[in-house]
């Protein structure tokens with residue numbers, strides 16, 4: 001370990017060596033000179049001595065004593081009633097005694113006797129905190145000051161170093177030149193001494209050369225001096241610039257704080273100078289502006305006189321400040337009289353602020369007053385009218401006021417406001433009426449940006465892709481069972497009621513290749529689903545049951561396939577049944593223009609059985625053969641393009657869409673656009689629910705991450721960035737909304753009479769929530785078909801997803817019934833529906849929903865009134881009773897007659913009166929009913945012309961409930 005001397009320790013402690021030696025001797029450490037070595041034990045003894053000397057040993061002693069004194073006093077105080085009461089007041093006083101050091105004890109006692117403050121612990125802590133803050137502030141200020149001083153010293157040192165370096169370089173150059181000259185002189189003398197016979201001319205040349213070199217050395221020294229002066233000049237210039245910048249900032253601050261000055265034009269300045277010249281030699285004293293201070297005027301010198309006096313007869317200038325050709329210029333602060341405010345052009349020239357096209361009669365500035373002006377023609381503008389435009393925008397395009405457009409619309413018989421939206425046809429009529437040329441505008445369509453993406457897909461290299469096969473046919477003909485056998489899975493058992501209510505998309509890997517199947521519903525309500533399936537498919541498998549034959553949905557499937565232009569492969573199912581008749585099926589299909597190959601047509605017919613598997617291989621072989629003929633190809637290494645087969649809203653996952661990729665490759669993370677929905681693919685699942693990273697052509701996948709539920713059948717495109725997708729989606733939403741709004745406004749007047757005639761029509765409001773969009777479309781379509789002239793179905797709202805509280809609130813406002821198709825209401829919605837008495841009905845089979853709605857509509861129909869003859873009565877004798885009228889004595893020939901029954905009077909088998917019985921008696925007693933074979937007396941209300949031989953037909957009207 002390195003030894004430490006007394007001098008080194010004194011240097012570390014910033015003390016003198018002699019003082020440290022004295023302290024060491026006082027501590028009992030014998031050291032005589034600063035060079036003596038100090039050990040660690042010596043340092044420890046010195047430290048103990050210093051602690052004892054400065055009182056640190058007494059730190060543990062108690063230095064502060066707190067004394068609390070309690071004083072009680074009484075005061076007398078009057079209360080609200082005027083009585084005087086004695087109130088005891090207790091005051092607590094706290095004193096803190098602090099034990100100080102001995103030298104300061106007397107001073108502390110004197111201060112305590114003078115002030116005797118009461119200081120508590122909080123006050124002490126606050127004061128200590130304040131002292132600490134002040135110390136930190138002082139330390140921070142000292143550090144900043146020290147840093148500035150160090151920076152200035154460093155800058156000065158650098159400047160001195162540069163100057164010294166320049167001087168050293170100059171000196172070195174001079175010394176080098178002198179040394180070289182001296183060496184050459186010595187060499188010359190040595191050469192002269194060595195050879196005395198050298199010519200004198202050589203010596204003179206050497207001398208001249210030495211002189212030249214001496215001059216060069218002097219020149220180098222001068223250049224070094226000039227460089228040093230240049231550095232110094234640059235430093236001076238930098239200092240001056242800094243001072244100038246500071247002065248400018250100071251001037252700007254003074255200017256900002258100074259009162260504002262009035263800027264005047266040259267015309268005003270000339271007028272004031274003329275007035276000043278007129279007042280010279282008089283006793284008039286110029287009035288100083290109100291806002292100007294005397295010191296400011298004294299400091300600022302007056303402006304110089306103008307270079308030339310104004311011409312004779314020239315105007316004095318506009319006192320109010322004209323807007324002349326020259327810009328504003330700063331005026332001095334000399335006191336000048338302000339101009340009088342006058343009416344008219346005081347300047348008389350063209351620069352006055354009141355000068356215009358209709359100047360005064362003494363005005364001479366307008367040289368073109370009598371010049372020829374060509375007549376103005378109406379400007380015919382070419383107005384580009386978009387699909388929808390507001391009245392204000394249309395007026396702006398024609399450069400007219402909106403009021404003019406509104407007047408023109410009123411002339412055309414339509415009341416509009418400035419913000420009302422007009423459709424394209426109406427707007428073009430208005431433009432033509434106002435004398436302009438209307439052109440249907442081509443919108444700044446963001447969808448035009450999609451052309452490049454589609455072109456990129458078209459230019460990509462195409463590869464062979466699997467065929468997309470759609471299975472179509474009538475309900476219960478075995479489509480799903482056939483596909484189930486091919487897939488080796490149980491799908492039909494999972495569908496409610498054993499019927500397919502969704503489009504199922506699957507791809508199957510067979511020994512002969514990959515095939516993608518689309519299973520479509522066969523029920524008549526799912527027409528839109530079958531149309532979408534035919535649109536996305538390459539080949540259609542038409543399933544016809546051998547025991548049932550061609551049915552309505554079979555014909556519809558044939559029509560869809562022909563409209564899509566895709567080949568058909570007929571699969572005759574259920575051939576294993578005893579009552580199967582494939583030949584009858586062929587004959588019926590021939591009637592529908594589906595000709596089998598054995599009859600000379602081009603449609604293969606394959607008898608199959610989904611139970612035994614008979615004909616399945618032959619069916620797949622025919623499908624792949626058709627695919628080879630079609631030569632199906634699609635680009636793979638390109639942005640994906642596809643079709644939304646089905647879409648739904650999941651409570652946890654959000655909008656979900658089943659997409660069939662038609663070309664390109666869809667990857668997780670791609671930005672997709674589907675109609676008015678857009679988003680980034682967050683997750684992608686195959687038909688088995690397993691995650692998939694990508695999907696090539698003809699592969700169906702389920703994607704998540706869209707902004708909303710897309711419409712089934714929408715085209716799906718992959719775009720390079722989300723901004724473009726959002727822009728196109730919002731454009732589509734706005735376009736559809738504007739067009740719909742404009743059409744609704746145009747159709748209001750046309751529908752008014754129709755709505756008035758429908759005032760007596762009853763309506764059944766419904767809110768429909770389904771699991772997928774295809775089912776929702778089918779259910780809405782089926783229910784709307786139930787509407788009649790008397791009762792119609794009103795679909796208030798139809799959407800995908802569970803039943804929420806907002807649906808219940810909507811049902812409460814519209815008095816609607818909520819139908820949930822494969823969906824359920826959450827707890828909040830159920831409670832709210834129960835409180836408001838809203839009927840929520842759940843279904844999972846479309847037949848049941850349609851039947852119950854049909855029954856409800858039947859109950860809303862007004863009952864049918866039917867007449868039923870109950871009896872026939874013959875008049876045998878007529879009695880005329882005073883105050884009663886004619887009374888007929890009758891015999892009941894058939895049926896019975898009741899009191900107050902409806903009757904028709906028949907005379908010669910012709911109805912002459914229809915009315916109601918007034919009374920019915922047997923003998924003298926009133927009776928309720930008289931049956932066949934008995935006599936009775938009766939009178940008819942408001943009819944006295946009863947004759948013998950008349951017949952009375954008794955009937956009653958019954959109401960019968962009607963059904964749809």
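Keep in mind that glycine also has a Cβ here, set from the backbone N, Cα and C atoms.
Looking at 488-492, 493-497, 498-502, the stretch flagged in Swiss-Prot as region 'G2' turns out to be 498-502.
Which of 18-46, 47-75, 76-104, 105-133 counts as region 'Disordered' depends on Swiss-Prot, and there it is 105-133. Predicted-model confidence for the region 'G3' (519-522) is 67, expressed as mean pLDDT.
The Cβ of residue 575 (GTP binding site) lies under 8 Å from the Cβ of 546, 582, 607, 608, 609, 614, 615, each of these being in the same chain and 6 or more residues away along the sequence. Looking only at other Cβ atoms within 10 Å, the busiest spot among the binding-site residues 476, 520 turns out to be 520.
Neighbour density for residue 479 (GTP binding site): within 10 A of its CB lie 31 other CB atoms from the protein chains shown.
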